[in-house]
Amino acid sequence: MDLFKQLEYRGMVKDVSDLELAKQLLNEQKIKFYVGYDPTGESLTVGHLVQIVRMLYLQKHGHTPVVLIGGGTGLIGDPRETSERSLLTLEKSLENAQKIENQIKGLIKGNVEFVNNYEWLSKIDLISFLRDYGKHFSVSYMLHKDTVQKRLESGISYTEFSYMILQSIDWLNLYQNRDVKIQFGGSDQWGNLTSGLELIRRVLGKNDAVGLSSPLLLKADGTKFGKSESGALWLDKELTSPYELYQYFLNSSDTDIEQFLKLLTLIEQDEIEAILETHREKPELRHAQKVLAKAVVELVHGKEELETALQVTEALFSGEFNGLTKSAYKTLESVIDVVRFNGESLIELVVKSKLASSNREAREFISNGAISIQGEKITDSMYNVGETSKAFDTYAIIRRGKKKYALIVF
């Protein structure tokens, strides 16, 4: 199966500006292609993984990704369907841009190029912008773009209205100076992709470039992919732990699992089909979900963080915390109830840990042998908690029975 058909199999193709040219470039040549990221936040989210995995997949087949970080366009803001974006300061835009570049460098290694459009957009004066670029865009053409249409009633500023011109300048710049032949983006970027192709044609009188969009990833129930109850799922482990990421994908529905395996992993087609077949035989074992969760966490955070996520998952499932690594204990701090030890008595600590509702109840639990710390059953209510055995001189698990526990941090 050729590369373009592989992209179609994976659900990575929605709109293509020139189908035959796209097939020729991807199947018969080794080309440069680009994907752009505006630094609207300090981290990318799991929603960005679709484009990242596609870059990795094309790189694997000999093409060169060019990652454009929008330090310039981030100052303007891509029009949203609902309301105007808050403007970033130059300092914040460039700071976010550097963080996102570093994040992507951790994901895409080897033959890859990075550019920041602030380098060229910041050098264009207003007169040059209007004469050299603005003259190639008719207002009626711009008004017909979906993102603009959806904002006409509620209002759109000239700042955001001009965003497509800036992104088109990016496309022209990369086509002229880096021989970039394809721009990839989500289907919500289709208007910007085609505007860039039109600018190349008008300025250079030719156009052998291609725009290619992918469907926006929605879950089977129609909700947006990449959101949890606590909000966005970030690729920065300080914002979303590898354990949380693992749990998100482990809990994927059976109806979502096939598209997630195709869009968010580099697992090849034959193996994906085998995984799905095994899963269909015994869906209650959640085989496909486990493969997916492992693949995504390892891709984003590496093997070591995956092992930590697996350790914590197993500990919480089994109720056994022996042998955890320091990293696993650190993860537990954000997952289960945590109590900071400040010299409390055992009775006070049991109440503080929410394992008892009162001192009297705590005393009963202790005398009945229901309380243990770090696996040691405690029956003496006068026990000195400070002398307990600690993992890494910092952590201990206090528990009542098998399923009620908390993490003590000394």
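Keep in mind that glycine also has a Cβ here, set from the backbone N, Cα and C atoms.
If you check Swiss-Prot, you get these features:
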- Y34, Y163, Q167: L-tyrosine binding site (BINDING)
- 39-48: motif ''HIGH' region' (MOTIF)
- 224-228: motif ''KMSKS' region' (MOTIF)
- K227: ATP binding site (BINDING)
- 344-410: domain 'S4 RNA-binding' (DOMAIN)
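Known features from Swiss-Prot, placed on the structure.
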residue: Y34; record: L-tyrosine binding site; Cβ contacts under 8 Å, 6 or more apart: P65, V66, V67, L68, L174, V180, I182, Q183, F184
residue: Y163; record: L-tyrosine binding site; Cβ contacts under 8 Å, 6 or more apart: T73, I76, G77, D78, P79, N192
residue: Q167; record: L-tyrosine binding site; Cβ contacts under 8 Å, 6 or more apart: G36, T73, D78, N192, S195, G196
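Looking at the residues that bind L-tyrosine per the record, Y34, Y163, Q167, the two CA atoms farthest apart are separated by 18 Å.
Regional average pLDDT for the motif ''HIGH' region' (39-48) in the model is 90. Under the three-state DSSP scheme, Y163 (L-tyrosine binding site) falls in the helix class. In the motif ''HIGH' region' (39-48), the DSSP tally of helix, strand and coil residues is 3 helix, 1 strand, 6 coil.
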